[in-house]
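Trainee: Below are the features I grabbed from Swiss-Prot:
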ACT_SITE  195  active site, nucleophile
BINDING   158, 184, 195, 284, 407, 412  substrate binding site
């Protein structure tokens with residue numbers, strides 16, 4: 001089915017700046033939909049530092065298995081990504097397909113297979129024909145060029161309605177450093193130590209172990225704090241690469257005590273947060289972005305558990321879709337979270353409108369006053385538990401009939 005662009009999409013989607021030493025090619029492999037690019041090949045001209053976080057699903061794809069195993073090598077020379085087929089739950093044939101893609105990519109670049117990383121997204125459980133990808137890789141390796149980030153983001157889309165890109169340019173170590181990132185995701189979004197698919201590249205010089213440390217920290221407040229439908233994918237992959245090709249003499253930083261560590265980490269966190277919000281704003285059928293802020297919990301973990309319980313509640317999400325400030329459903333979601341709360345201490349706001357205080361409806365609450373707020377595209381739900389100092393914020397989207405239509409029609 002044809003998908004309308006999300007009403008929450010960015011107004012302007014622009015190309016990202018080229019990065020020295022990074023070349024990109026896309027192609028039409030015809031994996032699922034004809035007449036669109038669905039294959040991405042990112043080429044690094046020199047050995048490049050690599051880090052990654054992946055799904056914790058017990059049914060991971062063959063691509064995830066390979067990336068996990070190769071990460072310890074600490075060097076990347078290429079990334080192959082296909083959309084339309086997840087190559088997950090495909091048994092021995094899935095492993096053979098992954099191996100064939102790895103061999104073809106490594107041969108095209110004349111590098112080792114454990115220096116190639118792969119990712120697949122799309123339908124689960126259907127065999128992926130390797131030849132449709134393998135035959136294209138040699139020419140893609142030759143024609144790959146700097147830039148092309150927008151095309152790269154388009155090539156990895158499935159039910160996404162817009163490509164997701166972000167960039168940061170900043171001073172670090174006396175040099176201008178750039179970070180580019182792309183992502184895809186609209187459904188099956190509830191990451192656990194990872195994201196849907198996202199690839200981030202910087203021209204900074206950073207050792208793989210430090211890159212891994214920064215990525216693992218930055219993902220917590222971004223991709224690990226979003227949810228569309230509470231379903232964690234079999235293919236969730238977030239990978240980051242550092243080429244060290246920044247102009248000028250930029251020494252590789254290899255320690256958390258390096259002055260650049262904090263600066264770079266802050267910029268990386270901001271970029272991942274921007275990409276994560278784009279994913280939520282493209283949640284299948286979404287019309288409202290929902291921000292859930294929980295304070296006063298016994299611990300930060302408890303606060304996040306409560307926040308996710310609210311953000312994942314179908315009843316809360318459908319109430320937002322109906323522009324109904326149904327705070328009773330928020331109370332329900334808090335109560336079922338399974339962590340310590342006191343019903344008689346709860347305070348709930350929608351935006352700046354306080355709806356409930358000390359365990360009952362606010363006597364000053366008036367339905368008419370909040371109606372205009374509920375028609376906005378960004379709805380903030382704040383809950384104070386009243387027990388401690390733990391706090392957390394997560395982001396979600398509403399649940400509309402379009403979500404059911406998109407997923408009911410996905411394999412048609």
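Any Cβ shown, glycine's included, is placed from N, Cα and C.
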Trainee: Quiz question: given the binding-site residues 158, 407, which has the greatest number of C-beta atoms lying within 10 angstroms of its own C-beta?
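Mentor: Per the Cβ count within 10 Å, the most buried is 158.
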Trainee: Once the DSSP letters are reduced so that anything not helix or strand counts as coil, what is residue 407 (substrate binding site)?
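Mentor: DSSP assigns residue 407 (substrate binding site) to helix.
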Trainee: Over all shown protein chains, what is the count of other CB atoms within 10 A of the CB belonging to residue 184 (substrate binding site)?
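Mentor: Excluding its own Cβ, residue 184 (substrate binding site) sees 27 Cβ atoms within 10 Å.
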Trainee: Test of understanding: give the count of other CB atoms lying within 10 angstroms of the CB of residue 284 (substrate binding site).
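Mentor: Within a 10 Å radius of the Cβ of residue 284 (substrate binding site) lie 26 other Cβ atoms.
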Trainee: Helix, strand or coil: which one is residue 158 (substrate binding site) in, per DSSP?
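Mentor: It is coil.
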